Amino acid sequence: MSGARTQPLSLPRRRAHGRLAAGLLALALLVIMCAIHLGIGSRFIWPGTVVRAVFAYDPANFDHKVIIGLRLLRLLSGLLVGAALGMSGALLQLVTRNPLGEPHVLGLNAGAALAVVLATTLGLAGGTAFGALAARPLVAAIGAGLLFSLIITASSAGRDGLTPLKVILCGVAFSAFAASLTSALLILDEQTLADLRLWLAGDLSGLTYAGLACAAVPAAFAALGALAITPQLNALALGENVASGLGVNLRRTRFAALGAAALLCGASVSLAGPVGFVGLVAPHAVRILISRDARLLVPLSAVAGALILLGADAAARTLLAPRELATGIMTAVLGAPVFLLIVSRYFR
Amino acid sequence: MSPLSNPSLVPPPDVIRLAAEDLAAGYGRHAVLDGVSLDVAAGRFTALVGPNGSGKSTLLSAMSRLLAPMRGVVTLDGKAIHRMPTKALARELGILPQNPLQPEGLSVFDLVSRGRYPHQGLLRQWSDADEAAVERAMRLTGTLEFARRPVDDLSGGQRQRCWIAMAIAQETQTILLDEPTAFLDLRYQVEILDLLHDLTLNHGRTIVAVLHDLNLAVSYADTVVFLKDGAIRGTASPPADCTPALIRDVFGIEVLMVPHPETGGPVFIPRRGGDTA
């Protein structure tokens, strides 16, 4: 151990290089996944052709036209939805200190979906008019934030205050309540039901570039805000008292983290509907494989979330080809066992 | 190292670093402390002792802004702490609460590094000054040798030293600690108290600690403050001024006072239940 004694502080730094390498590896995997995802469809296109279509586009080539004209939008939307859900899950897990923290489990998705359906039936956020498209992510974020606030308030009641288990139970109960309201609204309005049926299962369909741009702007602001507060989130992981003692403003940090989580969730729901479990699995995968440090966990959960969502979407479209499953069904198939594993580990 | 202070290195006793004035504080609407006033001398080790529920931890929380006072004011070098910006206060006053959360798998180095939070900003992340402060804190607490190991792998005493290293890395002039020796065996208790004593004597820090062992408090601290029922019942400065009558009043037990064979300071031995003086 004499080597460790003479240069003890260079060692943690070397491990930081290892983490950087792991992060770069995750990014490289994501690029490969993008190439595969673009290749998948009614007609499989090999990654070599995909790369040429992106970097040397030839309008005369039919495959190139399919990739750029039809599939690129789905890929970009999938990237945004997965990254937003992954980051939103990481924020919720860090700030509620709950290993099951996730937009779907904690009711953010259900709140966002209800808000969008309500706004659509009222004629506020439906259709493809630009104003409606631009309002949709924000309406979804407000719905997510409102329902989550309600859940936190309800689970704080009682003598023992806010416990992780109570938050989860309230999340499930209020999600079910919001989902039944959503169904009721849709039964009353058949036209909207027809428009939103696939969207409500959580699927990357019915996308437009305008809708993508409208979701990307609030998501980008939320992501920057989330990255800026990662040192505060690290301090908060040591307990509220330690964090206050280190000079962290608890209320402001929580508000910023939950606001960012709601905006990210709203952006993803506006594009793909309520997709579950990506926000649960992505941060846990990063924690196990790379780091628990919030400064790495938050950005890498976005990368992992995008990877998982694209993988699930690719599987949803190939497993029963030529028929397609909704993306959200695949993420649930993947995520439910992980959810049970985490429950058995933390709530014995 | 002798547990007794070396008077030549200690600042004059009339410099007050931290002061509570007519402080009332508690949880919900219930006031645990009522009308407490306390002056903490700069560069000294002040111990707070008293029975369970006497308000020691509440006083420490209110003096470090973990708890907003219902009445009264706490000042650090004359400035009211509840009106200072949070980060500015955290550069001058550190607090190590009881039972901090132990994140799974966090390395000792990473834990101690988090003590640098108040010195960092959005654009000013990790610097050489941070690195040097962390290394100094780890050297002082003897935690350098397990810098890379996860905190949850260590023994209770080593773990407590890591948390104290985090508080030291914060580089605040004043450090408050809530029961830093709780749940530690005697050897680690002595180690931690030696360390705190060294911080006041050789590094000019002001230390306030809630302690539960009366004899250790009396032999290590420069001032011992006795609390009972949310009020200060007596202050022994130097601790040799402590009397069996004060201890009977505060703890409700009879004690014998005998001189320490080496230092001559007082040692208190509880009498058995039936033997009343």
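Cβ atoms here come from the backbone N, Cα and C positions, even for glycine.
Positions annotated as transmembrane segment by TrEMBL: A:20-38 (among others).
Feature annotation from TrEMBL assigns transmembrane segment to A:72-94 (among others).
The annotation transmembrane segment is assigned in TrEMBL to A:106-126 (among others).
Non-local neighbours of the transmembrane segment (A:138-158) in the same chain are 103, 106-116, 118-119, 124-125, 166-167, 169-171, 174-175, 178, 218, 258-259, 261-263, 265-267, 269-270; each lies 6+ residues outside the stretch with a CB under 8 Å from one of its CB atoms. Annotated transmembrane segment per TrEMBL: A:138-158 (among others), in sequence order.
The transmembrane segment annotation in TrEMBL covers A:164-188 (among others). Using a Cβ-Cβ cut-off under 8 Å and counting only residues 6 or more beyond its ends in the same chain, the transmembrane segment (A:164-188) has close neighbours at 96-100, 104-107, 109-111, 113-114, 117-118, 121, 147, 150-152, 154-155, 158, 196, 200, 346-347.
Taken from TrEMBL, the feature transmembrane segment applies to A:209-229 (among others).
Residues 77-78, 80-82, 84-92, 94-95, 100-105, 108-110, 112-113, 116, 136-145, 148, 196, 198-204, 207, 211-212, 214-216, 218-219, 221-223, 225-226, 229, 233, 301-302, 304-305, 307-309, 312, 327-328, 331-332, 334-336, 338-339, 342 of the same chain, all 6+ positions outside the transmembrane segment (A:255-282), place their C-beta atoms under 8 angstroms from a C-beta of that stretch. Residues or ranges marked as transmembrane segment by TrEMBL: A:255-282 (among others).
Positions annotated as transmembrane segment by TrEMBL: A:294-316 (among others).
Residues or ranges marked as transmembrane segment in TrEMBL: A:328-347 (among others).
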Positions on the same chain near the transmembrane segment (A:20-38), where near means CB under 8 A and six or more residues out: 45, 47, 50-51, 53-54, 67, 71-72, 74-75, 78-79, 289-291, 296, 299-300, 303-304, 306-307, 310-311, 313-314
